[in-house]
Amino acid sequence: MARKIRFFKDQMSKAGVIPKDVLDKEDDIDLDDVEVKLEELEAELVEINANNDKLQRSYNELVEYKLVLEKAGEFFASAHRSAAAQQSEIETQQADDDLLEAPLLQEEKSVDPTKQVKLGFLTGLVPREKSMVFERILFRATRGNIFIRQSVIEESVVDPNSGEKAEKNVFVVFYSGERAKSKILKICEAFGANRYPFSEDLGRQAQMMTEVSGRLSELKTTIGAGLDQRNILLETIGDKFEQWNLKVRKEKAIYHTLNMLSLDVTKKCLVGEGWSPVFAATELQDALQRAAIDSNSQVGSIFQILRTKEMPPTYFRTNKFTTAFQEIVDAYGVAKYQEANPSVFTIVTFPFLFAVMFGDWGHGICLLLATMYLILREKKLSSQKLGDIMEMAFGGRYVIFMMSLFSIYTGLIYNEFFSIPYPLFASSAYECRDVSCSEATTIGLIKTRDTYPFGVDPVWHGTRSELPFLNSLKMKMSILLGVAQMNLGIIMSFFNAKFFKSAVNVWFQFVPQMIFLNCLFGYLSVLIIIKWCTGSQADLYHVMIYMFLSPMDDLGENQLFPNQKIVQLTFLFLALVSVPWMLLPKPFILKKQHEARHQGLSYAQLDETDESLQVETNGGGHGHEEFEFSEIFVHQLIHTIEFVLGAVSNTASYLRLWALSLAHSELSSVFYEKVLLMAWGFNNIALLILGILVFIFATVGVLLVMETLSAFLHALRLHWVEYQNKFYEGDGYKFDPFNFTLIGNEEE
């Protein structure tokens, strides 16, 4: 039935018939009735197609025949005319000649009629691209004992055999003898040249032309009627096509699922094993009871919960808001069963890290307006067929909505509206000492009011020290955010270990990792905050580098708090100790646990005999899997090296927040100053309009599309690599329940 429906779909698409959408998709049709109906319709359609093909072939042959009659007729008519002219010329010459020459000419003319050669000829059409080769082969095969004439047909003709349009030439071949004829026929067959009968008699030619023209008009009418009948049949199919298609797909999906079930020992009932969420168990039992009542079954269904060691699939209940965030995480890897789900924090951290790189409340408002359009029209848009890019944007509309809100927030902190600062919350805390101070550093500014209450003071923008100040601010802020998120990742690993009751992972993974990360980069974060709070001039690069190179040297002017040297030595010692702490104990403890678990066990349990309830575990037998100590140790070594090196590289990786934020700010500043302000300065309306248009297109194309995509990808990388690798295994598989709603959208 599915094959027949595919056949109907193909025929409708060729005929340009569009199936009607069925609003009421209820299963009010019987499958047996559908099968009978499809059988009848297929037989009728196949018969109509066969008749149409036969008629179309005859029509194409007649078209070619007509062309042969026209072109070959022209050739023979011209030959007759030239022969007649030649004859009259000879007769005229004879009349004018001397009497002395007359007997000689008469003698010459009186040829024996029995010795005259009667030439045969063949006519037809040959594809134009093969015509030259065709002529050459004929010449060689007959050793030049042929005479061929070809005439080009200007318009393409439909080939009766292939049904495709082709450019062709009409040919006439004159030959002598039956052997030459048989050779020519074979060559015509090899070259796909269609031959047609032709008469030398002009009267017979005219009669054949009239007959062919009459038959062509008759066939055209018949083919038109046949196509109308076919279209009526296809429209009848199109009215019910979607309904039948959905019914057949549903039935096929049901049978496909039933094929996964197995017969029990008594061969009287089917046994199916599957996964179901715990909360849906009662719903399943109710559905099975309803099905038994609806089908008037004598025996009810038995629902039993099985205990298994197989890894269950992962299922997170999401709504239209959280789905896109969950898909971002699932693109990296589906969570292992009952593993902590990173999506919970990703809902906030992902748009926030994006906004740190995209901080401009003007651009944020533009993104928000675009997203609000998608959100407010989501019911209408969800039922429409959108393009690939638009569908992607629509699917992630709530992600973009959150990103735009956070961008407005960070834009207010950076005090940037299309790169222009506004004193929104209060006047600037600084004033100029003299007129020229706008070009000076902060030394030229005097603090006259309270500190600007929220975000960056607008007076910084446009000063010579703007870049050094904002670079320092954003770079330090990136490190603080990075260390905070990496700590969150390690804390998540603690909750994973606690949930799975793995004390080894708590004491020999979580604890040393927290110590290592915070003794180095947590300490750096504290130094940054102390420097901000105290206004110290200490060089933090110097402090961190010489903490490793010369830990015993005095800090001098780089000292930020009392006993800093002792604190640094302690932290350095703890960081060094945490590396072997992470590496060595865990493999030995795991080995000891394995030996204790299998002590005294020398025999494995017998396999269960009931095949239907047999479950294969991932680990092989019944816990008697091989314990490869060397493999575990190498794995732990790799994990330790990866974490130690990753702590440095991942912290440095968060500096992309600073780099992209700076790039976004500078780009918007360039578009504003070098495009908009420059166009404004010319006092020319045309240039001003051009400048505004260029500014709008540059803002939308570069800052709102390319920069958004760039910041999105960088935020994605920070979550997948820097954050999730601290705790997320992502080696599970999705719960994929049987669902009728997906069947309608799937291709066969």
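Backbone N, Cα and C atoms are what each Cβ position is placed from, and that goes for glycine too.
Quick look at what TrEMBL annotates:
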- 24-58: coiled coil (COILED)
- 352-376: transmembrane segment (TRANSMEM)
- 397-414: transmembrane segment (TRANSMEM)
- 477-495: transmembrane segment (TRANSMEM)
- 507-530: transmembrane segment (TRANSMEM)
- 566-584: transmembrane segment (TRANSMEM)
- 685-706: transmembrane segment (TRANSMEM)
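Sequence-distant contacts of the transmembrane segment (352-376) (same chain, six or more residues past either end, CB-CB distance under 8 Å): 393-394, 397-398, 400-401, 403-414, 416-420, 477-478, 481, 485, 656-657, 660-661, 664-665, 668, 699-700, 703-704, 707-708, 710-712, 714-715, 718-719.
Contact check: the transmembrane segment (477-495) against the transmembrane segment (397-414) gives fewer than three Cβ pairs closer than 8 Å, residues 6 or more apart, which falls short of the contact criterion. Packing against the transmembrane segment (566-584) from elsewhere in the chain are residues 508-509, 511-513, 515-516, 519-520, 523, 547-548, 551-552, 636-637, 639-640, 643-644: each is 6 or more residues past its ends and has a CB under 8 Å from a CB in it. With a cut-off of 8 Å between Cβ atoms, the residues of this chain six or more beyond the transmembrane segment (397-414) that come close are 320-321, 324-325, 328, 347, 350-352, 354-356, 358-365, 367-368, 370-372, 374-375, 378, 424, 454-456, 470, 661, 665, 708, 712. Taken as a whole, the coiled coil (24-58) shows an average pLDDT of 86 in this prediction.
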